[in-house]
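Engineer: This is the feature table in Swiss-Prot:
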BINDING   GLY19, ALA20, GLY21, HIS22, ALA23, GLY24  FAD binding site
BINDING   278-292  NAD(+) binding site
Amino acid sequence: MSTIRKPSPPDMYDCIVVGAGHAGCEAAMALARMGHATLLLTGNADRIGHLSCNPAIGGLAKGHMVKEIDALGGMMGLWADEAGIQFRTLNSSKGPAVRATRAQIDRDAYLRVVRRDIFAQPNLRVWQDMAESIIVEEGRAAGVRTAYGQEFRAHHVLLTTGTFLQGRIHVGLSNFPGGRLGDAPATGLSASLRAIGLELGRLKTGTTPRLLRDSIDFSMMEVQPPDDPPRPFSFRGPGVRLPQLPCHVTWTNERTHEAIRAGFDRSPMFTGVIKGTGARYCPSIEDKVARFPEKERHQVFVEPEGLESPECYPNGIPTSLPLEVQKAMIATIPGLENAQIVRPGYAIEYDYADPVQLRSTLETKALRGLWLAGQINGTSGYEEAAAQGLWAALNVSCTLRSMPPFLPGRDTAYMAVLVDDLVTKGTREPYRMFTSRAEHRLLLRENNADARLTETGRALGLVDDTHWQLFSTKRAALHSLLDELENRRITPDAAARDIFSRLGEPAPTKGVSLADILRRPSLTLPDLAPFWEGVTRFADDVREEAETIVKYSGYLARQQELVARSARMEDTVLPEDMDYTVIPGLTREIVEKLGKVRPHTLGQAARISGVTPAALTCLEIQLRKMGQR
């Protein structure tokens with residue numbers, strides 16, 4: 001139990017954040033930094049910001065969201081840079097839309113830096129306790145009651161409970177209550193949410209056994225080195241600080257699969273003990289072996305847990321098989337024949353709320369002042385959770401200050417795609433973000449997250465003066481470079497022809513701009529230095545973004561045209577209390593779907609499964625009638 005707020009805590013908080021995982025930490029920091037009195041309630045103050053599963057942040061689409069969090073003024077990118085021990089750019093040989101940053105994280109270092117910043121943050125108080133129920137007064141959330149018998153009052157309550165709601169851990173046919181291994185679950189809150197009117201379901205996720213590093217033979221594995229130099233997540237931080245380590249790659253084999261099949265009769269998944277739906281895109285190793293019997297091997301990434309940690313994380317073999325089966329399976333994998341298990345792999349079942357019960361702000365429709373973010377909304381992943389935590393916090397702040405809500409469009413942020421998918425379509429399985437979910441992904445590159453979102457973060461009060469100055473300087477440099485590339489012209493004289501010859505390129509027959517030259521597929525911005533030495537004075541991130549804008553200008557223009565075409569529907573707001581039952585031309589099925597989702601805009605209505613173009617026309621006609629009245 002710790003209190004750090006001075007003077008003494010208020011009788012009324014602006015917001016209580018329940019849960020100190022990635023959603024909760026991001027939300028609590030944002031609210032406090034924007035000046036709101038915030039209480040962070042956690043069952044274990046020693047594990048604030050703990051990486052419960054794999055020690056990594058980022059990846060495809062996930063790295064994009066970390067950059068977006070940073071661009072808005074959030075914390076995950078800064079924390080990951082400070083604790084990262086291997087940075088790699090994924091899809092580096094592919095187009096800029098799908099390139100993504102992924103970092104191995106020192107688990108202990110990450111926890112230390114998160115706790116340091118949480119406990120040092122003004123306006124933020126930490127209290128170790130378990131939330132038992134939501135206080136409801138005058139039709140809205142008014143606070144939280146805890147297991148210690150405390151009542152904390154607040155204008156808003158944000159639940160970021162992760163896997164803790166009625167959490168149950170499974171190892172083989174043994175199971176016991178737990179929010180994660182070593183932590184108690186939240187047992188009372190689910191009943192309170194049901195009493196409020198929320199429908200809860202059951203999901204499942206899992207993790208791998210942890211292995212003793214000194215018992216692993218890395219010489220039998222392929223080395224996966226870090227990038228040199230490492231590329232940090234944060235636009236505004238000091239960069240990567242810790243020494244960088246390699247990861248290693250090995251594979252399962254038929255002997256591994258035989259050991260796994262031998263344990264199917266004791267698998268809680270295959271025997272029906274686990275009822276919750278698991279993650280489609282992060283299946284257990286037993287699920288992979290059962291579903292893909294034709295595959296002779298599955299990849300295993302052996303990842304360090306930290307610079308000084310004695311443990312490694314064998315990414316790719318999450319399992320809930322009995323411990324003796326886990327041991328037999330591990331012993332068949334090259335390099336792991338003598339590996340000792342420090343902690344077993346396990347599955348965890350937990351309650352979640354189908355997110356169609358939320359407004360686009362992540363406030364519940366059932367109760368004003370109650371907000372949900374993270375795995376409670378059916379998502380998987382640290383990054384998805386942190387993005388929702390920040391999204392909810394910004395909207396709580398907007399509500400407190402009577403400002404318009406923070407609702408960027410699907411063409412502006414991956415986190416907007418995430419939230420829109422959740423509240424429009426709901427989910428019956430753990431939702432994971434992919435670049436393929438974004439229809440405008442060329443506009444949503446990692447390297448332009450600041451250009452897309454930092455002005456918004458500044459307007460909302462989360463981007464501080466230092467961050468704003470760094471962004472403004474970079475933006476000015478980018479505009480300067482783009483102007484030079486478009487306006488600086490090259491005439492095909494003898495000197496220019498000689499440069500083109502050395503580049504292996506045909507010389508132009510008439511004067512061209514540097515931008516025209518850069519659009520040639522085989523040339524990059526550094527190749528232009530012989531024509532203009534000034535290109536070398538710009539920072540790498542500025543040059544990279546300028547090159548992307550120039551080379552992909554035609555594609556970017558077409559994407560912007562598509563966005564402009566859909567803007568009318570996205571800007572047409574539907575009243576929250578609209579009575580769909582009285583609108584002529586709507587089928588009963590469509591009325592039910594619209595009534596359940598209650599879309600914020602006509603564009604969101606169009607994304608609801610089964611809502612036809614004819615139904616959208618009916619909605620537009622109804623809106624015109626309402627306007628005439």
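A Cβ is built for glycine as well, from the same backbone N, Cα and C atoms used for every other residue.
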Engineer: Using DSSP and three states only, what is LYS288 (NAD(+) binding site)?
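Structural biologist: Assignment for LYS288 (NAD(+) binding site) reads helix.
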Engineer: Using the recorded FAD site (GLY19, ALA20, GLY21, HIS22, ALA23, GLY24) as reference, state which further residues of the same chain have their Cβ within 8 Å of the centre of those residues' Cβ atoms, listed in sequence order.
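Structural biologist: Along the chain, the qualifying residues are VAL17, CYS25, GLU26, ALA27, THR42, GLY49, THR160, GLY162, GLY374, ALA385, GLY389.
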Engineer: Counting all other Cβ atoms within 10 Å across every protein chain shown, which of the binding-site residues HIS22, ARG280, LYS288 scores highest?
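Structural biologist: By the 10 Å Cβ neighbour count, HIS22 comes out on top.
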Engineer: Looking only at C-alpha atoms, tell me how far ALA290 (NAD(+) binding site) is from ALA23 (FAD binding site), rounded to the nearest Å.
Structural biologist: 34
Engineer: Of the binding-site residues GLY278, ARG280, GLU286, which one has its Cα closest to the Cα of GLY19 (FAD binding site)?
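Structural biologist: With Cα distances computed to GLY19 (FAD binding site), the winner among GLY278, ARG280, GLU286 is GLY278.
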Engineer: For ALA23 (FAD binding site), which residues in the same chain are close in space, meaning a Cβ under 8 Å from its Cβ, but six or more apart along the sequence?
Structural biologist: THR160, GLY162, ALA373, GLY374, GLN375, ALA385, ALA386, GLN388, GLY389, ALA392
Engineer: Whole-number Å only: compute the distance from the Cα of LYS288 (NAD(+) binding site) to the Cα of HIS22 (FAD binding site).
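Structural biologist: Rounded to a whole number, the Cα-Cα distance is 28 Å.
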Engineer: Under 8 Å between C-beta atoms and at least six apart in sequence, can you list the same-chain neighbours of GLY24 (FAD binding site), or say none if there are none?
Structural biologist: VAL17, VAL18, LEU40, THR42, LEU158, THR160, ALA373, GLY374, GLY389
Engineer: With the cut-off set at 10 Å between Cβ atoms, which of these binding-site residues ends up with the most neighbours? Options: ALA20, CYS282, ALA290.
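Structural biologist: Most Cβ neighbours within 10 Å: ALA20.
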Engineer: If you compare CA-to-CA distances from GLY21 (FAD binding site) to each of the binding-site residues ARG280, CYS282, SER284, GLU286, PHE292, which comes out shortest?
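Structural biologist: Of all the candidates listed, CYS282 is nearest in space.
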Engineer: In this structure, which of the binding-site residues GLY19, GLY21, GLY278 has the fewest other Cβ atoms within 10 Å of its Cβ?
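Structural biologist: Counting other Cβ atoms within 10 Å of each of the binding-site residues GLY19, GLY21, GLY278, the minimum falls on GLY278.
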Engineer: Measure the Cβ-based neighbour count of GLU286 (NAD(+) binding site), defined as the other Cβ atoms within 10 Å of its Cβ.
Structural biologist: 25
Engineer: Taking only the Cα atoms, work out how far PHE292 (NAD(+) binding site) lies from HIS22 (FAD binding site), in Å, as a whole number.
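Structural biologist: Cα of PHE292 (NAD(+) binding site) to Cα of HIS22 (FAD binding site) measures 33 Å after rounding.
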Engineer: Just to confirm: which same-chain residues, 6+ apart in sequence, have a Cβ under 8 Å from the Cβ of SER284 (NAD(+) binding site)?
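Structural biologist: Non-local contacts for SER284 (NAD(+) binding site): GLY206, MET269, GLY278, PRO318, THR319, SER320, ALA347.
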Engineer: How big is the gap, in Å, between the Cα of HIS22 (FAD binding site) and that of ARG280 (NAD(+) binding site), rounded to a whole number?
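Structural biologist: Cα-Cα, rounded: 22 Å.
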Engineer: Across all chains shown, how many C-beta atoms besides its own are within 10 angstroms of the C-beta of PHE292 (NAD(+) binding site)?
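Structural biologist: So the Cβ neighbour count for PHE292 (NAD(+) binding site) comes to 12.
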